[in-house]
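Notes to accompany the following structure.
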Amino acid sequence: MASLGFLFFFLLPLILLELSSSRSVMAAKTRHFKWDVEYIHWSPDGEESVVMGINGQFPGPTIRAKAGDTVAVHLTNKLHTEGVVIHWHGIRQIGTPWADGTAAISQCAINPGETFLYRFKVDKAGTYFYHGHYGMQRSAGLYGSLIVEVGEGEKEPFHYDGEFNLLLSDWWHKGSHEQEVDLSSNPLRWIGEPQTLLLNGRGQYNCSLAARFSKPPLPQCKLRGGEQYAPQILRVRPNKIYRLRVASTTALGSLSLAIGGHKMVVVEADGNYVQPFSVQDMDIYSGESYSVLFKTDQDPTKNYWISINVRGREPKTPQGLTLLNYLPNSASKFPTLPPPIAPLWNDYNHSKSFSNKIFALMGSPKPPPQNHRRIILLNTQNKIDGYTKWAINNVSLVLPTQLYLGSIRYGINAFDTKPPPDNFPKDYDVLKQAPNSNSTYGNGVYMLKFNTTIDIILQNANALAKDVSEIHPWHLHGHDFWVLGYGEGKFSEKDVKKFNLKNPPLRNTAVIFPFGWTALRFVTDNPGVWAFHCHIEPHLHMGMGVIFAEGVHLVKKIPKEALACGLTGKMLMSNKHN
């Protein structure tokens, strides 16, 4: 195993180094990309499917830029029968809220045959990704990596000799359109567990790279190496230090990642540096990204497994695998030991232990000491007219046919003006089944005063089934937030004293554990309309999300292409003819 000296090797410079805030404006570039989004035939796991690809490939192309650069993506919709948008996950879109890529929220969907220019600045180095944000297009395969390196003249607060990127996802053989119909049916037809876990879009169905160790038994995968589903092998040299960037764009699953025989040192989370800590395995929820460092200090005559396993749900999907190939060994030389054993799927104490080890690196921005407003969001599973839905404070989100950003900016009455509730009834028991028969659909907006501090308490509860409460990773668009803490049961005022105001991590995605709460804090300093939602694709489709608006009057001229639908489109036409 990696020695403790490895951890100290990184720990000392990470503690001593101050974060640089300088940006080399003169060296910033505009990086242009021309993308066509279309359905293509592909074999992500050995079974040919129709996937949503970009420029004929799956996953989509990796974008690499430097902090301070401008990214310009000319995206053409070649889907023929449906609209499309792309969300740049983790990019705050400061000054460009219309480029956030959320249909009906920040922009109108891009119609078939149309081209939309996403132009935005990547202001902060980190590990990010992008994905579809219209219907369930992420489940259809519309995603890729977005890596932002430090700006010219800057250095990372750690050393490494090389880097790799792993984009994690899950894959169903049932198409995303059929999944949408199933989730909208009465009674509900649940989509079930994915057939395969993918690493960089590659997995193996009905066979295993580690067949001799698999339980239940699976045949050995017979690969030549050129198949679309053949694993992307990580080739390394002995006694080197590598950075592994990892992000999860799963539609459903929470995952555990491990490298056989190697410890990992976590140094980045969601584009923010953290105090380094060593782990044997790590949880990664949908919407999260990390960087870990590992040292190739094991027996150089062997290769090692890299594995991902399902967490938080009963694992009915085989683990995903690839190889850490110590050169000059052949990549066909399989490890002699079985893949790393994952923690039990419902060992939430293990998961909480990992989350509670994440602290901001010294020199990171600190949260304001007090809030101006607290919003407590209770997530429950409900029945509305017989349909199974998720609701927040008894309201299940249904996006309007009109555009939030344009409607608010130009004073168009396009959605429910009644604000959603800031809390839920005090007598609600989060530990018991509750039908919540008074739940409703809604599209109201939380109007947040500009440049104020907001606390969000995510409160989990029992679902419709007895003694069932699920993990939910929540993602905020347009912002990073401070994770102030986690707790068990129902949040109360006395829990405030448990908040970590000294070194809470900055994140854009945070998990809420079963029957527990998570406390977040952010500052409303980015004018726009921003989604805040569970990053599990079926849960968002079933209503688990809210909408925040802040400082919309400060938003500068919105590109007409982002407004060209519904009432904002009519406004454009009216102005054209007047």
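Sequential numbering from 1, following the chain as shown.
Backbone N, Cα and C define each Cβ position, glycine as well.
There are 28 other CB atoms within 10 A of the CB of His131 (Cu cation 2 binding site), with all protein chains counted. According to Swiss-Prot, the feature Cu cation 2 binding site maps to His89, His131, His535, an assignment based on similarity to another entry.
The Cu cation 3 binding site feature in Swiss-Prot is assigned to His133, His477, His533; the stated evidence is similarity to another entry. Sequence-distant neighbours of His133 (Cu cation 3 binding site) (same chain, 6+ apart, CB under 8 A from its CB) are Val85, Ile86, His87, Gly101, Thr102, Ala103.
The Cu cation 4 binding site feature in Swiss-Prot is assigned to His472, Cys534, His539, Met544; the stated evidence is similarity to another entry. Secondary structure at Met544 (Cu cation 4 binding site), taken from DSSP and collapsed to helix, strand or coil, is coil.
According to Swiss-Prot, the feature domain 'Plastocyanin-like 1' maps to 30-149.
Taken from Swiss-Prot, the feature N-linked glycosylation site applies to Asn206 (among others). Every protein chain considered, the tally of other Cβ atoms within 10 Å of the Cβ of Asn206 (N-linked glycosylation site) stands at 13.
For Asn349 (N-linked glycosylation site), other Cβ atoms within 10 Å of its Cβ number 10. What Swiss-Prot records for Asn349 (among others) is N-linked glycosylation site, and it gives sequence analysis as the kind of evidence.
Asn394 (N-linked glycosylation site) has a Cβ environment of 20 other Cβ atoms inside 10 Å. Feature annotation from Swiss-Prot assigns N-linked glycosylation site to Asn394 (among others).
When other Cβ atoms within 10 Å of the Cβ of Asn438 (N-linked glycosylation site) are tallied across all protein chains shown, the result is 8. Taken from Swiss-Prot, the feature N-linked glycosylation site covers Asn438 (among others), and the record attributes it to sequence analysis.
Summarising the annotation, Swiss-Prot assigns N-linked glycosylation site to Asn451 (among others) and lists sequence analysis as the type of evidence. The Cβ of Asn451 (N-linked glycosylation site) lies under 8 Å from the Cβ of Val523, Thr524, Asp525, Gly551, each of which sits 6+ residues away along the same chain.
Summarising the annotation, Swiss-Prot assigns signal peptide to 1-28.
Sequence-distant contacts (6 or more apart, same chain, Cβ under 8 Å) of Cys534 (Cu cation 4 binding site) comprise Asn379, Trp390, His472, Pro473, Trp474, His475, Leu540, Met544, Gly545.
Of all the binding-site residues in the record (His89, His477, His535, His539), the one with the smallest CA separation from Asn349 (N-linked glycosylation site) is His535. In this structure, the C-alpha atom of His131 (Cu cation 2 binding site) lies 27 angstrom from that of Asn206 (N-linked glycosylation site). The recorded positions shown are His89, Asn438, His477, His533; of these, the one with its CA atom nearest the CA of His539 (Cu cation 4 binding site) is His533.
Other than the site residues His472, Cys534, His539, Met544, same-chain residues with C-beta atoms no more than 8 angstroms from the centre of those residues' C-beta atoms, the Cu cation 4 site, are Asn379, Trp390, Pro473, Trp474, His533, His535, Ile536, Leu540, Gly545. Mean predicted confidence for the domain 'Plastocyanin-like 1' (30-149): the pLDDT average there is 98. Ranked by CA distance from Asn438 (N-linked glycosylation site), the recorded positions His89, Asn206, Asn394, His477, His535 have Asn394 at the top as the closest.
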